Amino acid sequence: MRVLIKNGIVVNADGQAKQDLLIESGIVRQLGTDISPQLPCEEIDASGCYVFPGGVDVHTHFNIDVGIARSCDDFFTGTRAAACGGTTTIIDHMGFGPNGCRLRHQLEVYRGYAAHKAVIDYSFHGVIQHINHAILDEIPMMVEEGLSSFKLYLTYQYKLNDDEVLQALRRLHESGALTTVHPENDAAIASKRAEFIAAGLTAPRYHALSRPLECEAEAIARMINLAQIAGNAPLYIVHLSNGLGLDYLRLARANHQPVWVETCPQYLLLDERSYDTEDGMKFILSPPLRNVREQDKLWCGISDGAIDVVATDHCTFSMAQRLQISKGDFSRCPNGLPGVENRMQLLFSSGVMTGRISPERFVELTSAMPARLFGLWPQKGLLAPGSDGDVVIIDPRQSQQIQHRHLHDNADYSPWEGFTCQGAIVRTLSRGETIFCDGTFTGKAGRGRFLRRKPFVPPVL
């Protein structure tokens, strides 16, 4: 299979140029002006469009069972939506397994979930839900098998205490793995939640009030300090929602500590006023949506380089599930938002087209830095000879309004309903194969490949 993309503006994190791009057998073979292939190939005219590396979303939750519900997107519908939004690689956060289970148990379960369903290439983050000698001994073996990142939780059922966190940080660091963490102070949240429930205050807005930004920021500061105690272990903070936590991360970075951070479109573009709408339960996620002042602080981090990655935390529960389970009580509502299809378009529109970020910075946030941090570079996140032919073509001249009925996930709503975006995803290629074109999904279940990721190597801070 040969594909020649002509006349587009090819953008990588380190620059852009109007040039052609030749893909053969799923691999980028040549970039240059006026490429004339010696053999027949499919030609795609990208005149007036940006040609970006396919998106790498390093934070999804497909087919996750949270105890009270299972998310409504599996690895087919979830990766289909990703493909239609210009994302060609996902790294899924595996959910909690049975009490006391080994790391391998969840890996085998999740490989079974994805094997015959994934449309695009995929990998997984391990999840450490308890610490014992067997788990610590298993970590190096998992890294050898291509899982080079693991997630810890400071809240929820399988939260770790500080001693367990230190043990995990040390062993992961020794084994060549990156520690990722969901940072919220569980005790403070439980106290606030109990206070509201006792007073009969169960409307959606009390979800946000029960998880104030200080709960998140305190946990971020604690993790930074624990990582330092654990021998300057590398640390990745997921789904940052506030500026105080970002200040702590800036300070750590100024002290040359190896810390990185992601945020998500919902924290950049949605705010806490959503909880006071008639459909406020649609927006229950943790950490919760914040106020506009916090949005502005995050945008500063996007613009000045303090934030490294924009991912989605895609975790879809239908409105029907939310209403049936919660019965109007925020504390019973399953957490999470859809968004894997909208990430690239939303950030392009609100970032590149407004002048907040350059096209190169867009690549850094959506594909290049995720690939570097999580052991996929230069196979992913780059358009250069030898890299995978993963491409998203965006036409900046087109304007689109997001409507759920046109999306490809399995949710029954979109938090982005009615958002108007400047710039449209017109084509997605995965390893040279067109899997989305002009509004139509053309991929197939099972074509995605499991990616064995390289051990963690820190990018230059």
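Yeah, the Cβs are placed from backbone N, Cα and C, and that goes for glycine too.
Within Asn232, Asn242, Asn255, Asn335, the residue that Swiss-Prot lists together with Tyr156, Ser286 for binding substrate is Asn335. Site annotation (Swiss-Prot): divalent metal cation 1 is bound by His59, His61, Lys151, and the candidate from Asp304, Asp308, Asp313, Asp329 recorded at this site is Asp313. Binding of divalent metal cation 2 is attributed by Swiss-Prot to Lys151, His182, and the same site annotation extends, among His105, His239, His256, to His239.
DSSP assigns Asp313 (divalent metal cation 1 binding site) to coil, not to a helix or a strand. Each residue contributes its Cα atom, and for His61 (divalent metal cation 1 binding site) and His239 (divalent metal cation 2 binding site) those atoms are 13 Å apart. Checking each of the binding-site residues (His182, His239, Ser286, Asn335) against Lys151 (divalent metal cation 1 binding site), the C-alpha distance stays within 10 Å for His182. In sequence order, Thr60, Asp92, His93, His125, His182, Val238, His239, Ala311, His314, Cys315 are the same-chain residues whose CB sits within 8 A of the CB centroid of His59, His61, Lys151, Asp313, the residues recorded for divalent metal cation 1 being left out. Between His59 (divalent metal cation 1 binding site) and Ser286 (substrate binding site), the C-alpha separation comes to 14 Å. Highest Cβ count within 10 Å among the binding-site residues His59, Lys151: His59. Each residue in Thr155, His182, Glu184, Leu285, Gly336 lies on the same chain as Tyr156, Ser286, Asn335 and has a C-beta within 8 Å of the C-beta centroid of that substrate site, without being one of the site residues.
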